[in-house]
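Below: the structure, in structure tokens.
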Amino acid sequence: MDSTFTGYNLYNLQVKTEMDKLSSGLDIYRNPLKNKTEVTMFILTGFTDDFELQVFLFLLFFAIYLFTLIGNLGLVVLVIEDSWLHNPMYYFLSVLSFLDACYSTVVTPKMLVNFLAKNKSISFIGCATQMLLFVTFGTTECFLLAAMAYDHYVAIYNPLLYSVSMSPRVYVPLITASYVAGILHATIHIVATFSLSFCGSNEIRHVFCDMPPLLAISCSDTHTNQLLLFYFVGSIEIVTILIVLISCDFILLSILKMHSAKGRQKAFSTCGSHLTGVTIYHGTILVSYMRPSSSYASDHDIIVSIFYTIVIPKLNPIIYSLRNKEVKKAVKKMLKLVYK
């Protein structure tokens, strides 16, 4: 009986020893998960602690934001209300204006609050949501600008068949595909970025949650994330810019065949406006993302990010409408109705 009891105790001791080994082995996997949940919020430090400068920046960016909303949403209303603007070219322009309004709204309100608030924190989920929307709208705009370039080519190459060539069966899928591409691209980066461990500093040297500064503060190996960022952003930039350039080349060939000076001027104006918008937008994206996240530290980088998230959405209505006679006529007509 004693020997049986002793054997039973030895068996229990062996089981306990093996369970302890298994538990210590699982700790290897538990610790990274624990580290990931240590940071529950981030601090958006911005680029200045000077209160007087922050007040000035608040007033400046608040004014820019108001102009952005008025310009872009006003253009959307204009396209909806004016029957002369009911064609694919202006539908694309209204979608771009809506995107710019959303793009700016994702970033600007939180930034304005942080200029005057002592607590500049943003929750983990809030940061992920802001980044998801920001990348979605940004990527969608890249593809939409490419679709608009193709639309301009169709309009200039054969204007008589434009309404047939660019029917709802064509332009609606182009717009939808742009949004789908934006959502997929954003989802990939959100999953990759927020699967990392953030167990050290929670201070993001930025005015909003963006990928490079987040990767810079992660305590995980971010090599894969940086490759994803480089290859995905690089591929999207190459594809969309090529579509724009090829479309513009065909537009120029079509312009050279035109006999009407008025037609040439209108075509040059349309193509020139679009190239200006594309160059400014894609140029700032390339500067911001096509380099290692470790080099992301200077105020210059923050200013570039602010430019393409806040300033460009304000400029787009001016770029695409300033030399557009149809839009000018529609604006004058609406102002007459308002002040009649």
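Glycine is treated like the rest: Cβ placed from N, Cα and C.
Relative to the membrane, T129 and K336 are recorded by Swiss-Prot on opposite sides. Looking at 16-36, 268-288, the range annotated in Swiss-Prot as transmembrane segment turns out to be 268-288. Regional average pLDDT for the topological domain 'Cytoplasmic' (323-340) in the model is 77. Only residues 6 or more beyond the boundaries of the topological domain 'Cytoplasmic' (151-169), in the same chain, are considered here, and those with a CB under 8 A from a CB of the stretch are 87-89, 92, 247-248, 250-251, 254-255, 267, 270-271, 274. When the disulfide-bonded residues C127, C219 are compared by the number of other CB atoms within 10 angstroms of each CB, C219 has the fewest. Here the transmembrane segment (130-150) lies next to the transmembrane segment (268-288) in space: the count of CB pairs under 8 Å, restricted to residues six or more apart, reaches at least 3.
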